[in-house]
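All remarks here apply to the structure that follows.
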Amino acid sequence: MEGYHKPDQQKLQALKDTANRLRISSIQATTAAGSGHPTSCCSAAEIMAVLFFHTMRYKSQDPRNPHNDRFVLSKGHAAPILYAVWAEAGFLPEAELLNLRKISSDLDGHPVPKQAFTDVATGSLGQGLGVACGMAYTGKYFDKASYRVYCLLGDGELSEGSVWEAMAFASIYKLDNLVAILDINRLGQSDPAPLQHQMDIYQKRCEAFGWHAVIVDGHSVEELCKAFGQAKHQPTAIIAKTFKGRGITGVEDKESWHGKPLPKNMAEQIIQEIYSQIQSKKKILATPPQEDAPSVDIANIRMPSLPSYKVGDKIATRKAYGQALAKLGHASDRIIALDGDTKNPTFSEIFKKEHPDRFIECYIAEQNMVSIAVGCATRNRTVPFCSTFAAFFTRAFDQIRMAAISESNINLCGSHCGVSIGEDGPSQMALENLAMFRSVPTSTVFYPSDGVVTEKAVELAANTKGICFIRTSRPENAIIYNNNEDFQVGQAKVVLKSKDDQVTVIGAGVTLHEALAAAELLKKEKINIRVLDPFTIKPLDRKLILDSARATKGRILTVEDHYYEGGIGEAVSSAVVGEPGITVTHLAVNRVPRSGKPAELLKMFGIDKDAIAQAVRGLITKA
C-alpha cells in the first residue's frame with residue numbers, strides 16, 4: 001500500500017466497464033424480484049468496482065479464506081451490487097442474480113452469512129463499522145496479519161450514534177488497516193440526508209474523530225484508485241460524493257425512488273443505455289492475498305484444571321466469572337475479553353491483569369462493544385467474552401439480535417442483576433434481561449448460583465455456538481457444589497431433596513440460596529421442599545422439572561430476582577404447559593424497585609426466604 005501507482009488508461013476503462021456491469025446486474029436483479037434498492041446500488045458501482053477489482057486482495061473462489069481482505073456492506077440494502085460483484089468475480093453464476101429475494105435462493109434482500117462471501121448480516125443500519133473495527137483489531141493485534149478491512153456505509157446511517165462509537169474506537173486503537181467508505185449519495189429513504197452534499201462537514205467530523213479523511217468524486221474510478229492507495233498511520237475515511245440512481249436517466253438524484261425497482265420496460269431501456277457505454281466484456285481477475293494470517297483452532301477449549309473452591313466459602317458469581325475467564329485464558333491465546341469501562345465491578349480486570357494483550361477496553365459504548373465482539377469472532381479467529389452491567393446490554397439489543405442473524409459465536413456476561421444489587425437503585429438493576437436473551441433465536445442463557453458452576457458456565461460458553469449470556473450477581477453467596485460436579489447445557493441440578501418433599505422450588509442465583517434458607521425454616525415445621533437449580537434458563541431441563549413436580553404432588557414454585565414477564569417462571573410454565581396435575585406459582589419483582597439494602601429489597605418484593613416459606617405453606621394449605 002506504500003506509494004500510489006496510477007493505473008493505466010486500459011485498467012481505468014476496465015474498471016468503468018466493471019462498474020456499469022454491476023449497475024446492469026443490480027437493475028436486472030431487482031426488477032426480476034419486483035423489489036429491492038437499485039438506486040442505492042447504482043451510487044456505489046464505481047466504489048465496488050475499484051474496491052474488488054483493483055484494491056482488495058482475496059481469493060475469489062474462497063471468500064472466507066483467513067488471508068483475504070475483509071469487506072462489510074454496512075448499507076446492507078445495497079445487497080444486489082454485492083451479489084453482482086461476486087458474480088463478476090466468478091464465484092456466483094450470473095443467472096443466480098435473477099433469483100434475488102426468492103425463498104429458494106440464498107440471495108436474501110440483505111446480506112446474510114449463509115452466503116459464503118458474507119461474514120456478518122447487515123441491514124439494520126449503523127452496525128457495520130463496529131463489526132469492521134472488530135475485524136481490523138483482530139487483524140492488527142491478534143493475527144498480526146496484512147489483511148485489510150473495508151466497510152461501505154451510506155450517508156443515511158451516519159445519523160446512527162453507533163457509527164460514531166465505532167469511529168472513536170478505531171481512532172483510539174489506531175486501526176490503520178481499516179478503511180470506511182462513505183457513500184454520500186445525498187438522499188435517504190424518505191427525505192434527503194441531513195447534510196446532503198456538504199462534503200466538508202463530513203470531512204471535519206471524521207477528522208475530529210481522529211481519522212484521515214479524503215473527499216473524492218465517488219463516480220471517478222481514478223480518484224477512487226488514488227484514495228484507496230494512500231496508506232496512512234490511522235484509520236481512513238473515503239468520503240465519496242455520489243448520486244443515488246447514478247446512470248438511470250430520469251431517476252438519478254431524484255427523491256421517492258428509494259427501495260423501488262425499475263418497471264420492466266424502463267429497466268430494459270436503461271440497461272441498453274448503460275450497456276452502450278461498456279467498451280470491453282473482459283473481466284478483471286481478483287488479486288490474491290499475502291498469506292500471513294496464522295492458523296487458528298478454537299475448538300474444544302477446556303479449563304486447565306478443576307475449580308478450587310470450598311463448600312461453604314462465599315464469593316459473588318460476578319467475581320467468580322472474572323477468575324474463571326482469566327483461568328480459561330491460559331488454555332488458549334484466542335480467548336479475549338471486552339468490557340465497557342466496568343472491569344472492576346464485573347471483575348474482567350482479573351483477565352486484563354493476566355492477559356493484558358487480549359483485553360479490549362471498549363469504554364461506555366455497549367452497542368459498539370457487541371459489534372466489536374461480532375467482528376472479532378468472524379472466521380473463527382477468536383472466542384470473545386463481553387462484560388458490563390446486565391442492564392446496559394439492553395441498549396445493545398439490536399446488535400445482539402443482528403449477531404444471531406449473523407450466526408455469530410459471542411459470549412456476554414451481565415453482572416448486577418436484580419434488586420439484590422441494593423443501594424444503586426433501579427437504573428442499575430437488570431430485571432428484563434432473561435426475557436431479552438431468551439427471545440434471541442440462537443441464545444443459551446446461563447444463570448450460575450455459585451463459584452463452581454460459574455466456572456463451568458464460562459467453559460461451556462466458550463464451546464457453545466450462538467449467543468451465550470451469563471447472568472451474574474453482586475451479593476456473595478456460599479459455594480454449594482463440589483469442584484468435580486459435572487454440568488452440561490440444559491441440565492438442571494436437584495440441590496436439596498427428600499422422599500417427603502411437598503413442593504418443588506426453582507430458584508437461580510440469589511434466589512436459589514433464599515430457597516435453601518427457606519427450606520431450613522420449613523424443616524422446623526416438618527415441611528420438606530425439593531430445591532432445583534436450573535443452571536440454564538434456555539434450554540431448560542424439562543424432564544427433571546417434570547420428574548420433580550410429579551414427586552411433589554404437581555406443585556412448582558418459581559422465585560426469581562427478575563420481573564414476572566419472560567423470566568424463570570414463564571420459562572417453566574411454558575415447559576410444563578399441558579401436563580396434567582401440575583401447577584406453577586411465581587414469585588418475582590412486580591414493579592419498578594428502589595434503593596435499599598439487598599435483604600430489604602428481597603423482602604419488599606417478596607422473593608426472600610420468608611416469602612418463599614409463606615408461599616410453600618399456602619400451596620400445601622390450598623391442597
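Placement of Cβ uses the backbone N, Cα and C atoms for every residue, glycine included.
In Swiss-Prot this protein carries:
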| type | residues | note |
| --- | --- | --- |
| ACT_SITE | GLU366 | active site, proton donor |
| BINDING | SER40, HIS77, GLY123, SER124, LEU125, GLY156, ASN185, LYS244, HIS258, PHE392, GLN428 | thiamine diphosphate binding site |
| BINDING | ASP155, ASN185, LEU187 | Mg(2+) binding site |
| CROSSLNK | LYS352 | SUMO2 cross-link |
| MOD_RES | MET1 | N-acetylmethionine |
| MOD_RES | LYS6 | N6-acetyllysine |
| MOD_RES | LYS11 | N6-acetyllysine |
| MOD_RES | SER104 | phosphoserine |
| MOD_RES | LYS144 | N6-acetyllysine |
| MOD_RES | LYS204 | N6-acetyllysine |
| MOD_RES | LYS232 | N6-acetyllysine |
| MOD_RES | LYS241 | N6-acetyllysine |
| MOD_RES | LYS260 | N6-acetyllysine |
| MOD_RES | THR287 | phosphothreonine |
| MOD_RES | SER295 | phosphoserine |
| MOD_RES | LYS603 | N6-acetyllysine |
| SITE | HIS37 | site 'Important for catalytic activity' |
| SITE | HIS258 | site 'Important for catalytic activity' |
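Taking the features listed in Swiss-Prot, we show where each one sits on the structure.
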residue: LYS11; record: N6-acetyllysine; contacts (Cβ under 8 Å, 6+ apart): HIS54, ILE284
residue: GLY123; record: thiamine diphosphate binding site; contacts (Cβ under 8 Å, 6+ apart): GLY76, HIS77, ALA79, GLY109, HIS110, PRO111, MET402
residue: LEU125; record: thiamine diphosphate binding site; contacts (Cβ under 8 Å, 6+ apart): SER74, LYS75, GLY76, GLY154, GLY156, GLU157, GLU160
residue: ASP155; record: Mg(2+) binding site; contacts (Cβ under 8 Å, 6+ apart): LEU182, ASP183, ILE184, ASN185, ARG186, GLY188, ALA193, LEU195, TYR202
residue: LEU187; record: Mg(2+) binding site; contacts (Cβ under 8 Å, 6+ apart): THR39, ALA193, LYS244, ASP253, GLU255, HIS258
residue: LYS232; record: N6-acetyllysine; contacts (Cβ under 8 Å, 6+ apart): ASP176, HIS212
residue: LYS241; record: N6-acetyllysine; contacts (Cβ under 8 Å, 6+ apart): ILE184, HIS197, MET199, ILE215, VAL216, ASP217, GLY218
residue: GLU366; record: active site, proton donor; contacts (Cβ under 8 Å, 6+ apart): GLY340, THR388, PHE392, PHE393, ARG395, ALA396
residue: LYS603; record: N6-acetyllysine; contacts (Cβ under 8 Å, 6+ apart): ASP610, ALA611
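The recorded positions in question are SER40, ASN185, THR287, GLN428, and the one with the fewest Cβ neighbours inside 10 Å is THR287. Checked against LYS260 (N6-acetyllysine) by C-alpha proximity, the recorded positions SER40, LYS204, SER295 yield SER40 as the nearest.
Ranking the recorded positions LYS144, HIS258, LYS260 by how many other Cβ atoms lie within 10 angstroms of each Cβ puts LYS144 at the bottom. Taking a C-beta cut-off of under 8 Å and a sequence gap of six or more, LYS6 (N6-acetyllysine) has these contacts in its own chain: GLU222, CYS225, LYS226. For LYS352 (SUMO2 cross-link), the same-chain residues that are 6 or more apart in sequence and have a Cβ closer than 8 Å to its Cβ are ALA337, LYS343, PHE359. Taking the recorded positions HIS37, LYS204 in turn, the residue surrounded by the fewest other Cβ atoms inside 10 Å of its Cβ turns out to be LYS204.
Taking the Cα of HIS37 (site 'Important for catalytic activity') as the reference point, the closest of the recorded positions SER104, LYS144, LYS204, GLN428 is SER104. Within the same chain, no residue at least 6 positions away from SER295 (phosphoserine) has a Cβ under 8 Å from its Cβ. Within 8 A of the CB centroid of the Mg(2+) site residues ASP155, ASN185, LEU187, the other residues of that chain are SER43, GLY154, GLY156, ASP183, ILE184, ARG186, GLY188, PRO192, ALA193, GLN196, THR242, LYS244.
Nearest neighbour of the residue listed as 'phosphothreonine' by Cα distance, taken over the recorded positions LYS144, LYS204, GLN428: LYS144. Of the candidate recorded positions, SER40, SER104, LYS144, GLN428, the one lying closest to LYS204 (N6-acetyllysine) when CA atoms are compared is SER40. Taken residue by residue with DSSP, LYS144 (N6-acetyllysine) is part of neither helix nor strand, so it is coil. If you compare Cα positions, SER104 (phosphoserine) sits closest to SER40 out of the recorded positions SER40, LYS144, GLN428. Rounded to a whole number, the distance between the Cα atoms of LYS144 (N6-acetyllysine) and SER40 (thiamine diphosphate binding site) is 35 Å. Cβ neighbour count for SER104 (phosphoserine): 5 (other Cβ atoms within 10 Å of its Cβ, all protein chains included).
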